[in-house]
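**Q** Sequence annotations record features per position, and here TrEMBL assigns domain 'G-protein coupled receptors family 1 profile' to 48-296. What TrEMBL records for 32-56, 68-93, 105-124, 144-163, 193-215, 240-258, 278-299 is transmembrane segment.
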Amino acid sequence: MAGLERSISSFLFFLKDISSINTSSLSPTGHLVVAVCLGFIGTFGFLNNLLVLTLFCRYHTLRSPINVLLLSVCVSDLLVCVLGTPFSFAAATQGRWLIGRAGCVWYGFINACLGIVSLISLAVLSYERCCTMLCRMQADGTDFGTAVAGVCFSWVYALAWTLPPLLGWSSYGPEGPGTTCSVDWRTQTPNNISYIVCLFTFCLLLPFSVIMYSYGKLLSAIKQVSNVSTAVTRRREQRVLVMVVTMVACYLLCWLPYGVAALLSTFGPRNLLTPEVTIVPSLLAKTSTVINPVIYIYMNRQYPCDQRQRALSHAPIHNNVETQIVHQQILHPSIHTTTT
């Protein structure tokens, strides 16, 4: 009986705790629009990433070191769709947060952590791709050590930056209209501001800089062989350029508005951004779970892999740099978003 009474007391405390979350200021129509967007993001993000994981498990030819990093991105995005989006979707349909302050903290932590995992994984992936294409004659399809180390680094790095709010450096709390939760962007104290500046620098600007540097080096190498390229290689170069531009544009589209909104909330006037404005960057950041598989997987022309490998073995290659580029673009042609 004592155990049952404690359980009932805990449940009643949980229900009371819900009232401590800020009520929403969006109109019913606004909540409906947000719910539709979240439903679309959650559904297609889940299906896209689940399909990628299924393909990875089914086709042995996809189990390359570079694709292990892609797999890490898909896992983190899939977990966002499973562990985060359903709660914000339910909150949007009801117009208020439903699982209390403890649930808000958990939601903020898990979404921040998984979002940073995805961002850092993409940065590690771009750097690994650059090193593989420019520093080796051929990629070793059996050496998974570097890729596994990159995956472990991404997850540990994300934890290192998302655990501090649980330990007193900043905090997690309601965001925007009160139907989602994230890092507390609005409390303008030295403790909170220092964390947000570090988070913005090391978890948004740094990975973007790595991506820009890595693919800048890659495009520079492609230009060096443009004079000796065959027609097939030139088409491949154009595909590389299109995918790099697409990747950078989508990265900026998904994450830059969220980062800017967070900084404005932290350093600007208290009521500078309305709930209607703040929910838009949050939704854009969440769309990375849908966009990432499209860019990094579905634009990957790795099928049929066996035929392309055979074509490579008979193709005339003109110099060392072109050898690396052609080899990588035939065997690993893909150029490779959740802190909401």
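Cβ atoms are placed via backbone N, Cα and C, with glycine included.
Automatic prediction, not curation, is the source of TrEMBL annotations.
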**Q** With a Cβ cut-off under 8 Å, give me the same-chain residues at least six positions beyond the ends of the transmembrane segment (278-299) that come close to it.
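**A** Tertiary neighbours of the transmembrane segment (278-299) are 26, 30, 34, 37-38, 40-41, 44-45, 48-49, 51-52, 55, 70, 73-74, 77-78, 80-81, 85, 115, 118, 122, 125, 175-177, 180, 182, 243, 246-247, 250, 253-255, 257-258, 260-261, 265, 334-340.
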**Q** For the transmembrane segment (68-93), give me same-chain residues lying six or more residues beyond its boundaries with a C-beta closer than 8 angstroms to one of its C-beta atoms, as numbers and ranges.
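**A** Apart from its flanks, the transmembrane segment (68-93) reaches 31-32, 34-35, 38-39, 41-42, 45-46, 49-50, 52-53, 56, 99, 103, 107, 110-111, 114-115, 117-118, 121-122, 124-125, 128, 144, 147-148, 150-151, 154-155, 178-180, 286, 288-289, 292-293, 296-297, 334, 336-338, 340.
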**Q** For the transmembrane segment (144-163), I need the partner stretch with the highest count of C-beta pairs below 8 angstroms, choosing only from 105-124, 193-215, 240-258.
**A** 105-124
